[in-house]
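Quick look at what Swiss-Prot lists:
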- G14, A15, G16, H17, A18, G19: FAD binding site (BINDING)
- 273-287: NAD(+) binding site (BINDING)
Amino acid sequence: MKYLAGDFDVVVIGAGHAGCEAALASARMGCKTLICTMNLDSIALMACNPNIGGTAKGHLVREIDALGGEMGINIDHTFIQSRMLNTSKGPAVHSLRAQADKKRYSERMKHLLEKEENVVLRQLEVIEIDVEDNEVKGVLTKNGAYFTTKAIILCTGTYLKGKIIIGDIIYSSGPSGLYPANDLSQSLLNLGINLRRFKTGTPARINKRSVDFSKMIEQPGDEKIVPFSFIHNKLDKDQISCYLTYTSEETHKIIHENIHRSPLYNGSIEGVGPRYCPSIEDKIVRFPDKDKHQIFIEPEGENTEELYVGGMSSSLPEDVQIKMYRSVPGLENAEILRTAYAIEYDCIDPQQLDLTLEFKNINGLYGAGQFNGSSGYEEAAAQGLIAGINAVLKIKEKNPLILKRSDAYIGVLIDDLVTKGTNEPYRMMTSRAEYRLLLRQDNADLRLTELGYKVGLVKEDRYNKFLNRKKNVENEIERLRNMQITGKREINEFLLEKGSTELKKPISLYELIKRPELDYFKVEPLDDKRPSLSDDEKEEINIIAKYEGYINKQLEQVEQFKKYEDRLIPKSINYLDIKGLRLEAIQKLEKIKPINIGQASRISGVSPADISVLLIYMERKDREN
């Protein structure tokens with residue numbers, strides 16, 4: 001029987017990575033917030049890989065942190081290994097990645113919600129969204145509880161009509177054996193919301209005692225641990241290693257012999273899977289020329305023997321899986337603790353949302369995370385944060401927070417989802433950001449903390465720390481610009497030792513740092529007035545000095561790009577001739593044949609980076625003609 005159970009400013013449905021950020025943002029901005037979850041023990045659950053960050057995803061975590069979100073702080077408290085990726089490349093693609101103790105990560109996030117003053121946390125299933133005159137009024141639960149509210153944020157993850165698939169075994173379920181949410185989808189359809197089916201998958205978990213690590217390559221954490229959160233100066237921890245192995249010829253043979261039993265290829269799976277995270281059987285079919293694929297063996301925590309077999313997700317039958325996993329060097333005697341599976345679920349076409357993540361046709365209804373067609377914990381958390389912020393700003397009748405593509409990876413993520421839509425689970429990549437040298441992970445606070453402070457998420461002590469860092473960086477750059485270095489004998493000897501050339505005339509230390517063979521750290525012996533700075537401040541100063549020309553060029557591009565919206569594309573263009581275009585972009589452009597740059601830029605799978613490549617090609621052709 002239906003009964004009135006309470007009144008809230010904001011109701012968040014789902015307590016995964018999107019839901020947690022949405023609820024914490026809403027509560028910390030002063031709104032009374034209800035967060036509902038199917039199971040209190042699955043809050044911030046890492047249903048797939050036990051890590052946070054990675055290429056482009058690390059940028060998102062830093063941006064979440066800079067705006068006042070929780071993910072970066074939580075992983076800093078619960079990581080078991082930390083690595084900075086892509087260090088051999090430029091700073092635009094440096095990405096922090098941390099292995100998580102997945103249970104502690106979940107427990108700490110749950111405890112935060114329990115302690116948060118404006119949060120009420122409940123284990124219950126929402127089955128209906130109540131809307132009158134295109135405006136949300138409340139939610140109804142399976143137990144009959146009705147909660148009135150001004151805003152609802154849907155963060156349902158993979159639970160909506162979730163269906164687990166292992167070979168020919170198919171059953172209704174959420175991730176990791178949890179209950180699915182089978183009733184809410186119909187309520188959304190009744191509201192005129194378009195739903196679709198997506199699919200994702202996860203590999204098996206195996207027992208550590210059954211693994212022969214001597215046949216694998218050890219991957220320890222970095223000696224110097226870099227925090228995700230800007231509030232942490234230094235982290236120390238005994239880290240746990242991951243291990244690298246590869247599929248074998250036998251692995252590929254087993255998969256080929258049983259491919260007819262794969263739900264991916266026999267029609268059992270209807271949902272669209274993630275292009276950039278394919279199952280092992282999909283990889284072997286799609287890349288027949290590759291004789292081996294990387295497999296990462298990753299610990300799931302400090303107090304468990306479970307290991308995650310990264311790179312080997314599958315929906316093959318269990319008997320095939322056992323043979324397949326045991327064909328991998330080091331896994332010959334692997335004990336499978338949890339079988340790999342695929343999961344299908346309902347989600348929306350995100351083009352039904354506007355850039356605030358509110359539904360265009362329903363006031364007060366927001367979507368975030370996998371519900372919006374994205375994949376990944378970090379993408380979900382970023383959307384949850386923005387949806388939570390904007391729900392509160394609307395309640396308070398303030399202007400929304402809309403991040404542009406030139407502001408943040410979060411801006412790229414949301415613009416791609418909302419403007420272009422997606423026909424497959426969307427994953428953030430550095431190649432999707434056309435201004436990635438401006439959107440580095442090291443400067444996320446300089447880009448976004450001011451905004452976080454203005455909306456009320458970044459508190460005074462955090463803001464003062466940010467202002468101090470900003471001032472230190474600006475003052476040091478100014479000092480370097482004004483400090484003149486002359487061609488004294490000892491200075492020229494120092495430069496020659498470093499493989500640089502002698503000075504013929506005075507030069508600022510700032511300009512000297514720009515030389516390819518030098519940097520801010522190497523010129524320290526020439527700088528007796530150098531102030532005491534933190535490691536991250538020094539790194540920031542070095543990047544700004546070294547890449548100033550490129551950074552200024554991208555700032556100009558931000559303004560210039562607007563001019564090309566209506567630029568016509570020649571009918572005779574051959575996209576295969578354009579170096580730098582990704583294969584996916586070539587396929588989509590060839591198929592749709594857009595008539596102008598504006599149309600091309602809105603095609604799903606064609607990134608703004610691809611558009612930049614296309615424009616450069618067209619301009620070169622114009623000059624040649």
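For all residues, glycine too, the Cβ spot is worked out from N, Cα and C.
Features per Swiss-Prot, on structure.
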residue: G14; record: FAD binding site; Cβ contacts under 8 Å, 6 or more apart: C36, T37, L154, C155, T156, G157, Y159, G369, F371
residue: H17; record: FAD binding site; Cβ contacts under 8 Å, 6 or more apart: A44, M71, G369, Y377, E378, A380, A381, G384
residue: A18; record: FAD binding site; Cβ contacts under 8 Å, 6 or more apart: C155, G157, A368, G369, Q370, F371, A380, A381, Q383, G384, A387
residue: G273; record: NAD(+) binding site; Cβ contacts under 8 Å, 6 or more apart: F198, K199, T200, G201, L264, S279, D282, A342, E424, P425
residue: R275; record: NAD(+) binding site; Cβ contacts under 8 Å, 6 or more apart: E424, P425, R427, E584
residue: C277; record: NAD(+) binding site; Cβ contacts under 8 Å, 6 or more apart: T200, S313, S375, P425, R427
residue: K283; record: NAD(+) binding site; Cβ contacts under 8 Å, 6 or more apart: K290, H293
residue: V285; record: NAD(+) binding site; Cβ contacts under 8 Å, 6 or more apart: I259, Y265
residue: F287; record: NAD(+) binding site; Cβ contacts under 8 Å, 6 or more apart: H293
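When Cβ atoms from all protein chains are considered, those within 10 Å of E281 (NAD(+) binding site) total 27, not counting its own. Note: the FAD site is recorded as G14, A15, G16, H17, A18, G19; in the same chain, V12, C20, E21, A22, T37, I43, A44, C155, G157, A368, G369, A380, G384 also have Cβ atoms within 8 Å of that site's Cβ centroid. Ranking the binding-site residues A15, G16, G19 by Cα distance from E281 (NAD(+) binding site) puts G16 first. In the three-state DSSP classification, V285 (NAD(+) binding site) falls within a helix. Sequence-distant contacts of G16 (FAD binding site), defined as residues of its own chain at least six apart whose C-beta falls under 8 angstroms from its C-beta, comprise S42, I43, A44, L45, C155, G157, G369, Q370, Y377, A380. A15 (FAD binding site) carries neither a helix nor a strand DSSP state and counts as coil. Using a 10 Å radius centred on the Cβ of G19 (FAD binding site) and all shown protein chains, the other Cβ atoms total 32. Within 10 Å of the C-beta atom of S279 (NAD(+) binding site) sit 28 other C-beta atoms, taking all shown protein chains into account.
A 10 Å cutoff on Cβ-Cβ distances gives A15 (FAD binding site) a total of 29 other Cβ atoms nearby, all chains included.
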